[in-house]
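Here's the structure, in structure tokens; my notes come after.
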Amino acid sequence: MRDYKVVVLGAGGVGKSSITVQFVQGVYVESYDPTIEDSYRKQIEVDGRACDLEILDTAGVAQFTAMRELYIKSGKGFLLVYSVTDENSLKELLALREQVLRIKDSDNVPMVLVGNKCDLEDDRVLSIEDGVKVSQDWGLVPFYETSAMYKTNVDEAFIDVVRQIMRKEAAISAEKKQQKELQKQQQQQQQEQDAEGQQQQQKSGKSKSSATQKDATADGQTDVNARLKQSINDHPKSSSGSKFCTII
């Protein structure tokens with residue numbers, strides 16, 4: 001079973017705790033109590049794989065922003081939540097997303113954009129199109145309008161971010177495997193080149209040895225011929241025509 005840490009981010013009062021508790025416990029929490037930090041765990045199955053989720057429900061108020069960076073560092077996936085009844089809550093997400101990308105030092109971070117409180121149609125100030133536009137501006141980040149009260153798209157939003165985490169891990173694993181195979185091939189090629197070089201050196205050594213032996217034989221024969229010639233010069237032909245040849 002794989003462990004995944006999901007961080008829920010957003011302005012205060014947008015319903016981060018409500019959708020988290022609804023997802024984990026199946027209960028709607030109506031009262032608003034500003035959260036410092038709550039941690040929840042839930043085991044789910046995504047695409048046939050068992051996952052143990054740790055969900056961090058973070059504070060939305062300004063005095064807890066220092067803690068937020070720690071949550072972002074440890075998180076693998078993020079739900080960025082705004083309220084469709086609060087235009088400023090969507091604007092705050094722009095800065096939050098930039099903070100996530102900066103801390104994670106990546107443009108490829110598992111992330112879902114969530115427009116909560118879609119059941120409050122009479123209080124709505126942000127349309128679905130507003131959320132879609134932000135999603136497009138962020139590179140087609142998955143976007144869901146949710147209702148914590150009616151559990152509309154709550155499970156879908158969490159499962160989506162988990163699925164993104166799984167895909168990213170699979171891609172990283174495949175890349176590492178490919179790099180390992182490439183290194184193995186390079187090592188084999190280097191070993192083959194080294195072996196070929198040694199064979200060439202051995203052949204070159206044998207050729208030099210053979211040439212040296214030939215040179216030594218030729219030098220020996222030259223020396224014998226020189227001695228023979230000297231001996232003939234030292235003992236000229238006799239009057240009877242006999243030859244005296246002394247080979248030393």
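Along the chain as shown, the residues are counted starting at 1.
Even glycines carry a Cβ here, placed using N, Cα and C.
Swiss-Prot assigns the feature motif 'Effector region' to residues 32-40, out of the candidate ranges 32-40, 104-112, 149-157.
Annotation note: Lys16 (GTP binding site) sits in a helical segment as assigned by DSSP. Looking only at other Cβ atoms within 10 Å, the busiest spot among the binding-site residues Gly10, Gly13 turns out to be Gly10.
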